[in-house]
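Participant: There's a structure below that I have some questions on.
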Amino acid sequence: MKNKTQPYLIGRFFDSISSGLFMMALPWVMLASPGMGTFVALVSLTCTAVSFLVTPFFSTLTDRHSRKTLLIVNQWVQAGMALVVFAAYGLELESHWLLAFAQLVYWVSSNVAWATNNAFTQENYQQHEYAKISGQQEIVMQSTTLGAGALGVLLLEKWGMMEFALFAATASSLAAIFYILTPYTRRLRESHSVSFMNQLKESKHIFSREPYFFGFILLSCLSYPVLTYLSKLVPIWFSEQDITGDWFAGFNISFGLGSLFTGLIVTKVLNRLPHAHIIFVSMTILSLTLIGMSFSLHPMGILMLIALFGVFNALNRIARINWMHHTVSIHQRGRVDGGISMFSTTVQSLSYVVIAMLSHYDMTRYGFIFAAVVMMVAVGAMWALQKNIDDNNDLALQTVMK
């Protein structure tokens, strides 16, 4: 396991640090010009919409071709896009439209990389290795998130777009090289007998064959839209309360540290408890932390609770991904992750509408309560669905979903 894990995790490190820092720099550089707030918001909206529309197609590709090849190509695409930006700025051909297109490419390719990495991990590792590699991936991911944030604070005021683009191109190229060096045991069969469109249409049927299982999985995915919701709600609330930006920086660091802690303990947790129980308990505690935030009168309380949120958000996500490693067919994993991503993106978009309405009517404070109620309803539905799922009989679930 060690021989294939080291180059893979190093590749993920460079992948994450490249996309994390570049995606932070792109809107920052655009916002440096006056009156660009609306443009940046529309770019983000466009990226979300395009990503949603292309997800089914890329998910089907993941189930038809080598996951390793897709990871490598994805990194070369990002490196190429960053080099185009570098060359354009070197030739003094700066354009906000070019930066917007670069953000779209990185946005979509990062989503593709996330789903492909899940499928690659399931395919390239054995069942007894899933728990350990999940903990290692979480540590790498949260370390790079914290690292990109720290670098952003130091470099956003010092570097221009050329420096950020060159850094991103270099890091993405290194990620591609380390992915190339990663040993790959391919278990996915080439799909020549089934057409691309037929596989695409089959996606709906995959979910309908196990409605209780996938209903439970989809509800557990609400933790991610709630997290992105909080990342927009908290700075608005802090601003309304005249709380300085240092506290929001602390908010992000607290969340990252909580998630990093999960990476250190998750292997033991996964080996001792059923996946469904971990997910259900995690979602329940996430709901309780949101209730706590709604009654918190000081930003320090928010920071303490978001650290706890980070712990159980990561635990929920890792347990869900691992459960799918054990149950979902390798030949369907891409389309399953694609369907989950579309559900998550839809909820995420709706949450932004809620924030806009709360802010418009000066009711931002109630945003925490709204999120808590949504999560508690989801937990109630998950409790009902869990009765129809045998978490210990992973083989039976996998047989049904093949």
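From the backbone N, Cα and C atoms, a Cβ is placed for every residue, glycine too.
Caution: TrEMBL annotation is automatic and unverified by curators.
Below are the features I grabbed from TrEMBL:
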- 12-30: transmembrane segment (TRANSMEM)
- 36-58: transmembrane segment (TRANSMEM)
- 70-91: transmembrane segment (TRANSMEM)
- 162-181: transmembrane segment (TRANSMEM)
- 211-227: transmembrane segment (TRANSMEM)
- 247-266: transmembrane segment (TRANSMEM)
- 278-295: transmembrane segment (TRANSMEM)
- 301-319: transmembrane segment (TRANSMEM)
- 340-360: transmembrane segment (TRANSMEM)
- 366-385: transmembrane segment (TRANSMEM)
Participant: Count the CB pairs under 8 A between the transmembrane segment (12-30) and each of 36-58, 162-181, 278-295, 301-319, then give me the winner.
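Facilitator: By the under-8 Å Cβ criterion, the transmembrane segment (12-30) pairs most with 162-181.
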Participant: Are there at least 3 C-beta pairs under 8 angstroms linking the transmembrane segment (36-58) and the transmembrane segment (301-319), leaving out pairs fewer than 6 apart in sequence?
Facilitator: no
Participant: Contact between the transmembrane segment (36-58) and the transmembrane segment (70-91) is defined here as three or more C-beta pairs under 8 Å separated by at least 6 residues; is that satisfied?
Facilitator: no
Participant: Does the transmembrane segment (211-227) come near the transmembrane segment (340-360), with 3+ Cβ pairs under 8 Å (pairs 6 or more apart)?
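Facilitator: Judged by the Cβ rule, the two regions touch, with the required three close pairs present.
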Participant: Which residues, given as numbers and ranges, are at least 6 beyond the ends of the transmembrane segment (340-360) yet have a Cβ under 8 Å from it?
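Facilitator: Counting only partners 6 or more residues beyond its ends, the transmembrane segment (340-360) has Cβ contacts under 8 Å with 48, 51-52, 55-56, 59, 111, 114-115, 217-218, 221-222, 224-226, 228-229, 232-233, 236, 366-367, 370.
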